[in-house]
Structures are given as structure tokens and as C-alpha cells.
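Per TrEMBL, the features are as follows:
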- A20, E41, L49, V85, W344, G351, V352, I353: FAD binding site (BINDING)
- N155, G156, N157, V158, R199, R200, E211, G351: NADP(+) binding site (BINDING)
- 11-169: domain 'FAD/NAD(P)-binding' (DOMAIN)
Amino acid sequence: MRQEDAGVGITVAIIGAGPAGFYTVEALLERCQTVTIDIIERLPTPYGLVRAGVAPDHQSTKQVVRKFEQTALANLVHFYGNVEVGRDITIDDLLAQYDALVVAAGAPNDRMLGVPGEQLEGVYGASAFVGWYNGHPDFRDLNPRLSPSTVVIGNGNVALDIARILVKTPDEMAASDIPGYALDAIAAAGIETVHVLGRRGPANTKFAPAEMREIARLTDCTPLVDPADMPEDAADDDKVLKLFRSFSAVAPCGAHKRLQFQFFAAPEAIIGHAHVEALRYRRNRVEAGRLVATDAVCDIACGTVITAIGYRASPLPGVPFNADAGRVENINGRVDSRLFAVGWAKRGPTGVIGSNKPDGEHCAEQILAELGSDAAATARPGRAGLERLLAERQIRYVTFDDWRLLNEQEVTRADAPAPRRKFTSFAEMMAVLGAARRQRLG
């Protein structure tokens, strides 16, 4: 349903330039021809986890940004990068300027494992580690302590991404956009074995068949599964189980690396003094469909542990937050009057990129239903008010044209077949933009 008359003159601010934010913008534009929308992003770059979370060797997945770029270039949409809500501008500031405010800031924090030793050097959450090998400015200086034996905890696609990146050869990564510092560090680590741990069995993983097929095609790594862990009554048409069964029939061969899937393994402690020396886990078994702990305890000698067991949103000052659930407090996306949440900030870290599209559509309907045509009477300044506040506070924001310049330079300076060579620090990006502005001014 288009609502071209209802909500004429509505001004909306979106906090976060990831998929959930862009899908919300797209849905609003489809439903209201005169809505003006401003996307406010902490980083100088848009696209959220598409840029900094999707694996650098999954370039086809990143192509969704082409659609997002079309949305950002719409006349009614502006982008304000390098603006942090809670530091540069407050929720109250934004509610005073806009008719509606949408929190689409994702869930950037790692869920904790909750076992002794988690504080040791060599333990990293997936958000930090993936951010590091994706060139996220917050994590480019992580300098992880990589080791020949590494444990990745988790049985979802993020865990599989991490394991795959660690065991791929530099040639296999040549067409990716992994930063050089990460590629060099991984190559220098001398990785021999990556253990992927899951509490349950092969039939209960969240691995996508396409990602598992990538594991089967690795050129210098043998994937291994203990045959005893394979279910006897597995469905013949289960693509993931078929691959696991093939891995269980393979003996270590001439490949230099191994990817060992350890099932029915519940982490109990990370062992070490100053840094990680081993991961201790307890074996589980299934009884009557239930997972039961056994008396068997095993140690894996390792120097690195990476947890990929979920994420939590960051509290925003002025936005109700459910600390137990790790997300914004909301009822079906509505937080308060004129305040909404979408994506992982709303529902927690579930689904894939496209899972956020229904959230955006629902949020757009909520905004238009709540505001109706009353917003026009409030005369909230919207974009003009935001720019006035940013100017008063001397906040140097990044426009979408600025981002396009950064993007062009990233692509231009890459060595084929890499699609781009990312700028990975705030200072570097702002220096490039500053130089471009000075050149334009003569």
C-alpha cells in the first residue's frame, strides 16, 4: 500500500547503515514519496556487516551493496557517516529534529563463552576477529596471537568462515578483499590444525551446504570428522551430513593443514598462564533426544581460541535496553513513541542479510501508521536541524559522495584480482577526504 498522502513531510532518521537500515529506507521510499530520510552511521563507511562481517572471500554476497547504493542515491536520502550517536549527538537531539527515529545499529558485541580462562591472551570473539580480517577500523590493530593449533567454538556459518579463512592459501584468497596485514599474519602463523567445536552432533549444525562445499574444495587442507560421531539414521538427502560423512571417510593426506570437526564437545575451561595453552571440553552424548554430559574430559593443545557463539547489541544512551536478551527493548519493533528498532538491534542476531527486509517493511508501515499526516504539523527541522547541530559541535561528517570517493580509491589501488584494497582506519579515511576537499577548493 502506497501512502503518498498520509505522512507528507515526514522526517526519519536511521541509526546504522547496515542491511536493516537500508531495507527500512527502501520500504519507506516505496510507501511515501515525500518522506526525507537521513542515515546516521558511526563509521565513515556504509553497509555495516556486508562490508565488515561478510567473509572477504565471499564477494558475491557483498554485491547486495549495489542495491543499497541505489537507495542511498535517492533524492530524499542523505548519509551522515563518522557521526556517533551517544557521543556526537544524543537520542533526545534526534527526536527533537525528526518525526521518527529507527535504531538499526546491529549487534556488534560478542556473546561471552562464560568459562574460566576466557580473559587469557589468545582468546578472541568472532566480532573482533572477523572485524580484524575484514579491515574494520575498530579491530585493525587487534594483532591476534595466532598459533599452529587453533580452536574455533561454534557450529554456525561464522565459525565456518573463520576456520576457512585460517586454512586457505594466499592464492585462494587472492580474489578477496582481505587486508594485507591480516593475510600476512595468517600466512606467518604456520597454522597446522583448526579445530571446530560444537556441543551437539553433525546433524545439528547451522552450516549452509554452500559453505560446506567450500570446505570440501580447499586446496591445502584436509577436513576431518570422527566416524564415531556420525549418526547412523541420517537422512540420505541431507547435503551437509553427506559432506560430513565424506570427511569421516578421509585419512590425513599430503595437505599441510587439517580442519578437524569436534562434535559433542562442551567447552569447560581455557587453560594457560599468561596466554592460551589448551582448551578443555567435556564430551556430550545424546540420550532419548537429549544432550547429556559424560565423564570424559579432553584437552586440545592450542594457542588461539576464537568464539563464534552469537552477538549482543550495544546499549544506546536514551534507548531502553534488554540486557538479558542483548537487544533493544521493544514490542514488535516499537520502542516508544516515534522510536523504533529493526534488524539485530530489534530481534537479536538471527538470520541472514535478507532476513532484515521484512523488518524494514514492517517498520515503515509502523512509522506511517503512527504518524499519519500529523508529522507535517510539528515542523520538526529534520535534516537542517541535524546539520546545524553537527556544525555547532564541529563534527566532520562524511557524505555519501565522500564515501563514493573512498570506494573509488579502494578499487583503484587494488592489485588484481583483488576487488579493492580497503582503507582500515578513521585517520586514513579522513585524511584522504581532507586532501580531496582541499584539492576541490584549490
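Even glycines carry a Cβ here, placed using N, Cα and C.
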What residue among the binding-site residues G156, G351 has the most other CB atoms lying within 10 A of its CB?
G156
Averaged over the domain 'FAD/NAD(P)-binding' (11-169), what pLDDT does the prediction give?
98
In sequence order, which same-chain residues at least six apart have a C-beta under 8 angstroms from N155 (NADP(+) binding site)?
V196, L197, G198, R199, R200, N204, T205, K206, F207
Would you pick out, from the binding-site residues V352, I353, the residue whose Cβ has the largest number of other Cβ atoms within 10 Å?
I353
Cα proximity to E211 (NADP(+) binding site), best match among binding-site residues V85, W344, I353:
I353
Ten-angstrom check, please: count other Cβ atoms within 10 Å of the Cβ of A20 (FAD binding site), all chains counted.
31
Inter-residue Cα distance where the pair is E41 (FAD binding site) and G156 (NADP(+) binding site), in Å
28
What's the CA-CA gap between V85 (FAD binding site) and V158 (NADP(+) binding site) in angstrom, rounded?
28
Have a look at the binding-site residues (R199, R200) and report the one with the fewest Cβ neighbours inside 10 Å.
R200
Whole-number Å distance separating the Cα atoms of N157 (NADP(+) binding site) and V352 (FAD binding site) is 10
State the three-class DSSP label for G156 (NADP(+) binding site), counting H, G and I as helix, E and B as strand, and everything else as coil.
coil
